[in-house]
Amino acid sequence: MKTAATIALFCAGGGLTRYYLSGWIYGLLGRAFPYGTLVVNIIGAYCIGLIMELGLRSTMLSDTLRIGLTVGFMGGLTTFSTFSYETFKLLEDGQFVMAFTNVLASVAVCLLCTWLGIITVRSLA
């Protein structure tokens, strides 16, 4: 029960962070491209690499905290469903280059950031 409560609490924090951070990004850059979703997914990709590698290489994070941060906070922060919907809407609106850019940037940059999170922890070891 402790783990489930931790996940729920962290998920709420991640969801609120996504709401405010993506809203702020859209306020800065506009909504012509799904910048807000891309930014939160990039941040989440880096952080999950960092947290998982830290959890595997040290005792700094308890299993409950690691699960709360990854399943809860990162699960609430990042969103594949919004990425899918926004990409579909770009395609539907005939914005093929923007849709392709979103897919390429989301996949490539998020994979790169996950790797950077892992490398960050490994460089500290």
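Positions of Cβ are set from backbone N, Cα and C atoms, glycine also.
As annotated by Swiss-Prot, transmembrane segment applies to 9-29 (among others).
Among the features that Swiss-Prot reports, transmembrane segment is placed at 32-52 (among others), with the record citing sequence analysis.
Long-range contacts of the transmembrane segment (67-87) within the same chain: residues 3, 6-18, 34, 37-38, 40-41, 43-45, 47-48, 51-52, 61, 99, 102-103, 106, each at least 6 residues beyond the stretch ends and with a Cβ under 8 Å from a Cβ of the stretch. The transmembrane segment annotation in Swiss-Prot covers 67-87 (among others).
T78 (Na(+) binding site) falls outside any helix or strand according to DSSP and counts as coil. Counting Cβ atoms from all protein chains shown, T78 (Na(+) binding site) has 21 others lying within 10 Å of its own Cβ. Here Swiss-Prot flags G75, T78 as Na(+) binding site.
Annotation comment: Swiss-Prot describes 99-119 (among others) as transmembrane segment.
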